[in-house]
């Protein structure tokens with residue numbers, strides 16, 4: 001128990017230090033900030049979810065004491081608590097299905113990815129409500145003022161284009177924050193699991209990530225978000241956030257589908273590399289990747305491919 005607490009304590013301090021580097025404002029600090037959840041995830045996956053919870057709590061207390069502010073609370077809600085939940089969900093055993101020979105089963109990667117998407121939406125909405133309440137006009141005005149001040153600091157001449165850019169960024173910033181949190185948290189969980197697996201402490205077998213498929217409930221949530229986005233005011237903004245995060249997690253599912261469907265190809269590496277390059281350099285192909293992931297959830301494209309042709 002002693003070594004476990006020591007490891008969790010060190011992980012919490014390391015996570016808090018990575019989180020606090022954002023205050024320097026440098027580009028490398030931003031990269032380190034994105035990996036703030038990594039030590040907590042490693043502790044939770046390798047030494048039990050209790051170690052992850054302890055690490056998240058230590059990190060929050062360290063920031064609260066060192067910074068003498070509510071930064072520790074923000075750390076706990078945005079880093080510590082999500083990392084603990086994900087580590088618990090990843091290593092917890094679940095009751096076996098009735099048709100399963102094993103006495104228990106592990107959480108599916110698609111379920112874990114859905115929880116990451118849910119966390120991104122909830123954290124974004126929580127931040128909006130805490131900072132601005134339910135007054136959508138005040139929320140938009142405050143964000144627009146912040147963006148306008150940032151643009152003014154660049155000493156750019158005032159123009160209609162600048163005002164339009166400010167209005168667009170005020171809408172896009174929370175959406176971008178939710179999408180980035182989704183991708184970064186997924187990457188952190190993957191890297192943490194790889195590190196713990198290399199150490200031999202990962203309690204579950206490594207899943208076949210190429211077979212990842214999101215549950216149909218995720219498709220229903222994205223449909224709900226798309227319908228909600230047509231409304232005005234805060235409900236419409238919430239719908240856009242849900243829709244955007246849904247596209248993000250379905251894009252990851254679409255990449256998994258591409259890895260699965262190209263198994264056995266002679267030029268598989270080239271095809272996948274081209275897909276990733278086009279997606280991340282151009283951007284808009286990610287929509288088609290997300291649609292492929294959505295179609296696989298709704299219509300099970302993999303079984304259609306692998307099904308034998310009907311006999312004549």
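Counting begins at 1 with the first residue displayed.
Here the Cβ of each residue, glycine as well, is placed from N, Cα and C on the backbone.
Quick look at what TrEMBL annotates:
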type	residues	note
TRANSMEM	6-35	transmembrane segment
TRANSMEM	47-67	transmembrane segment
TRANSMEM	73-91	transmembrane segment
TRANSMEM	112-134	transmembrane segment
TRANSMEM	164-193	transmembrane segment
TRANSMEM	238-258	transmembrane segment
TRANSMEM	270-295	transmembrane segment
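Within the chain, the transmembrane segment (112-134) has long-range Cβ neighbours (under 8 A, six or more residues past its boundaries) at 77-78, 82, 85-86, 89-90, 142, 174, 177-179, 181-182, 185-186, 189, 212, 214-215, 217-218, 221, 234, 238, 241-242, 245-246, 248-249, 252-253. Residues 12, 15-16, 19, 36-37, 40-41, 43-45, 48-49, 52-53, 55-57, 59-60, 63-64, 106-107, 111-112, 115-116, 119, 123, 126, 181, 185, 188-189, 192-193, 202-204 of the same chain sit 6 or more residues outside the transmembrane segment (73-91) yet have a Cβ under 8 Å from a Cβ within it.
Here the transmembrane segment (270-295) has long-range neighbours at 214, 219, 222, 247-248, 250-259, 262, 301, meaning same-chain residues at least 6 beyond its ends whose C-beta is under 8 angstroms from one of its own.
Tertiary proximity for the transmembrane segment (238-258) is limited to same-chain residues at least six positions away from its ends with a CB under 8 Å from its CB atoms, namely 110, 113-114, 116-117, 120-121, 124-125, 171, 174-175, 178-179, 182-183, 186, 209-214, 218-219, 221-222, 224-231, 272, 275-276, 279, 286-294, 296-297, 301-302. Long-range contacts of the transmembrane segment (6-35) within its own chain (CB-CB distance under 8 A, at least 6 residues past either end) are made by residues 42-43, 47, 51-52, 54-60, 62-63, 66-67, 71, 75, 79-80, 83, 180, 184, 188.
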